[in-house]
Amino acid sequence: MAKNSAEVIISIILVAVTGLLLVVNRCISLSQVLNNNDSEYSWVNFALQNILGYSTVFIPGYIVYKYIHKINYLDKAGNTCLAVVIRKCFEGEELIERSNVSCSNQPQPRTLLQDALLLLFYFVCLQISFLTWGVLQEKVMTQEYTNSSGEIGHFTDSQFLVFVNRILAFCLSGIVVMCTRQPRHKAPLCKYVFCSLSNILSSWCQYEALKYVSFPHQVLAKAAKTIPVMIMGKLISKTKYDYYEYIGAIILSVGMLFFMLDTGNDRKGSTTVTTVSGVILLCSYIAFDSFTSNWQGSLFKQYGMKPVQMMCGVNLFSCIFTAISLIQQGGFIKSLSFMVNFPTFIFDCLLISLCSAAGQLFIYKTIASFGPLVFVIITTIRQGFSVLLSCIIYNHQVHTWGILGVLLVFFSIFLRIYCGYRLKVKRKRAQNVSDLKI
């Protein structure tokens, strides 16, 4: 009887809190408080609307989480449908098979040649996926569309692009999970919520920033995320970094600063306000993205899941968050109407999503195999190619100091690689000497 009453209370909490939040969000929407989209800071309004939408999923889930732990529901629950769902969401199999994480899912050690070939394969696939994605991303967010009737339109809903990217990635990863042999999934599903939120927020900031800064500026700013990745690594995973990694990160950031100061901001209608907005959005992107990669790296170490399982779990919640938010804002209707009026947008949108989904697979595999810092180095190299492509295709100008900045960025990357190799050799020699003494 107690179990049944607990499940009734959980159901009431979910329905009541979700309903209340939907009513509050609707009232705010109707009051026009967040609908001033003509100002230079309109992105703040959009961001708040998105967060309100996400809250209708996150807050009820959090309240249920606190309630079930307060009454020790998981210890008493039977095998009802609700109990099974709650156990999958909040407990997983962490307590049941924790001892097997370190032994059953650990891959066999690879040779140096195998490591090099695998890293080269991931590198090439990431370049192809994200270079195509970057060019199309700039086109969708900055270029005008023209239909057969001569109408001109400009797509502005960043969150719809995030949703399409995530739902295609979820479908792709879901198919792979179902069609291939995977290890038993142990992590509670709620563990994916945090990196899912940070992932969609970083993607939204990335798209939105293109309204305020040029693509080359955005790309070079992303290169500076090596520092926040290292900071997040120390905070989340307690990772220790060597002195050369800090030096390389500082040189990289200086190079990025040279580039930004030299080229200025060539976005149409650029003002100090739009530049400030762009910088805030880029800093937000860097922070969210750094958290995402380190949180995922921590989950890989703790639960030993496969990259495609990680991709499926993260994108499941990303689809839920963005879909609920778009429904509340009427974003689906506006975006689908734009698709009908400008059919070429459909092709661009689908191709962006395919490149994003394929790229995500390789992101997760790279992080799982080589760690978040190696992934950031690969991404930084890709960003250099992205700048070159963008300047050629969309006629962005880069001058002497900008070129020096780009060279500093690449110098920092190769410095980190060289110093890392030398330090690894030095430590190996020291270990061999120590073994001989023993």
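Including glycine, each Cβ sits where the backbone N, Cα and C put it.
In TrEMBL, annotation is done automatically, which means it is predicted and not curated.
Listed features, source TrEMBL:
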TRANSMEM  12-34  transmembrane segment
TRANSMEM  46-65  transmembrane segment
TRANSMEM  116-136  transmembrane segment
TRANSMEM  160-179  transmembrane segment
TRANSMEM  243-261  transmembrane segment
TRANSMEM  273-291  transmembrane segment
TRANSMEM  312-333  transmembrane segment
TRANSMEM  345-364  transmembrane segment
TRANSMEM  373-395  transmembrane segment
TRANSMEM  401-419  transmembrane segment
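When Cβ-Cβ distances under 8 Å to the transmembrane segment (116-136) are tallied for each of 160-179, 243-261, 273-291, 373-395, 401-419, the top count falls to 373-395.
Between the transmembrane segment (160-179) and the transmembrane segment (401-419), fewer than three CB pairs separated by 6 or more residues in sequence fall under 8 Å, so the two stretches do not touch. Remote same-chain partners of the transmembrane segment (373-395), defined as residues 6 or more beyond its termini with a Cβ less than 8 Å from a stretch Cβ, comprise 119, 122-123, 126-127, 130-131, 134-135, 138, 142, 214-216, 219-220, 222-223, 225-226, 229-230, 233, 241, 245, 252, 293, 363, 366-367, 406, 409-410, 413, 416-417. Cβ atoms under 8 Å from those of the transmembrane segment (46-65) belong to residues 10, 13-14, 17-18, 21-22, 24-25, 28-29, 34, 37, 86, 89-90, 158-159, 190, 193, 197, 201, 204, 208, 320-321, 324-329 of the same chain, restricted to positions at least 6 beyond its ends. Counting same-chain residues at least six beyond the ends of the transmembrane segment (345-364), those with a Cβ under 8 angstroms from any Cβ of the stretch are 122, 125-126, 129-130, 132-133, 136-137, 139-140, 145, 155, 161, 164-165, 167-169, 172-173, 176, 296, 307-308, 310-311, 315, 338-339, 375.
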